[in-house]
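Enquirer: Before we start, here is the structure in question, set down as structure tokens.
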């Protein structure tokens, strides 16, 4: 397994070379940057549905879809708005139609997955799109219903109602954005507000249309009479209708009492819609808050449980204050101590790639790990565990048995005397300590015990690598283990803490032990071979004996039959 790991391309190298491909039936193209669009002929270009090009295009499609859903109904009801800006509306209408048509072209070029592989054959892509339900919706949405203008007149934008069918692209775009954005909860709130706006907008249009049918100014409930100059402009018509619609759907403020059956029916339907809309808004906001709480629990330890523990066990106030300050530091500075739990749902290789991008630079600064195999560092970087120490807190004390080494990510630590005050040295970002204690180097006179007191001066962020994790990784990298031990010995020699005679004696004993183990393994292999041969011979003898017994039984049966015939 170690050989396979060494033969594979390292994750760090993969991260430096992200490739997007654009292939046709005969030609392939690539680029070294994921955000660069590939230059290729349009005829051979294939759109990856998970790529940046498709993601950008589907965001662009939000504009024409929303335009049709908002403007068509508005122009149909508010005739003054339609007449005042007719040339603008017609220009935007046919510009949106061009977007709709080009969107279908994009769909013909969009690949799909088959058994996990992106299909790029143009004929199959076209067939897949034509057979889908989206193709029927797209065709329906671009039918030239505008030809009805010649029969009804140019001021009937309602003939373009078939453009509403393309709304599924809007929902698809929202789903993609919510998946990719770094602020999904904020986006959900914005999306909810957009839906509420569209609902109120449509309701305002229906209110104005109903007022027009009943007659403007016929009672206090409908839109006021147009003879009043204050209510004659197209801006006032829309703003008043939108305001009135907001009052009804939010049930905030007083609205005029309806007097006609049509008005009562409109209010009842609006109240039902308002109830559903209110439930939807409350549910969505509750979901967002729940997601925020879950995200907070995933990133930070649960402080409430610790407080309950302190209360039940009556922990002294000073210790409680230190713990509370530690939690406060985590929250204020967004320090994470549960990285491995956050990333545990990712596939192992993808999790390793994320860890490499975040922590490989820190690990490679450690002297004993410099010039090691990249695959070894990739294994080790998954084992790093972040730890946060408060001011005045000891990371380790002289004489403690070393079970882990530390790498300083941020902050300052002091090497202090036994009195805890006298400082011998200050360690900063990128420094490390405790690396010798986790290697079990033979001849180490300190016996894998700490040789100094290390205390945090302020809040310090450290990475911890345990002896067990390093040992588990090195079992698959014997050459790397030998190199690390040699580097550790050199450091101990400089420190004057390596007994070379003891190291040599231990090495000779280890060699003798390895030699004995080797002889025993060879003997076991030989015995296994002999046992296998004996089992095979026994099986062969058994088969031969079985055949002889069957032959004798057949002869006996034949003789018995012959005797019976003679008698």
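Placement of Cβ uses the backbone N, Cα and C atoms for every residue, glycine included.
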Enquirer: Tell me which of 192-215, 288-311, 312-335 corresponds to the transmembrane segment entry in TrEMBL.
Expert: 192-215
Enquirer: In TrEMBL, one of 217-234, 235-252, 343-360 is tagged transmembrane segment. Which stretch would that be?
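Expert: When 217-234, 235-252, 343-360 are checked in TrEMBL, transmembrane segment belongs to 235-252.
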Enquirer: Looking at 54-78, 79-103, 104-128, I want to know which stretch TrEMBL calls transmembrane segment.
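Expert: Among 54-78, 79-103, 104-128, the range TrEMBL annotates as transmembrane segment is 54-78.
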Enquirer: Grab the same-chain neighbours of the transmembrane segment (54-78) for me: Cβ-Cβ under 8 Å, and only residues 6 or more beyond its ends, written as numbers and ranges.
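Expert: Contacts with the transmembrane segment (54-78): 47-48, 89, 92, 95-96, 99-100, 103, 106, 110, 156-158, 160-161, 163-164, 166-167, 169-170, 172-173, 176-177, 180, 198, 201-202, 205-206, 208-209, 212, 234, 237-238.
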Enquirer: Calculate the per-residue pLDDT averaged over the domain 'Cyclic nucleotide-binding' (368-482) and state the result as an integer.
Expert: 81
Enquirer: Could you tell me what the rest of the chain brings near the transmembrane segment (264-283), counting residues at least six beyond its ends with Cβ under 8 Å?
Expert: 192, 196, 199, 203, 206-207, 210, 245, 248-251, 258
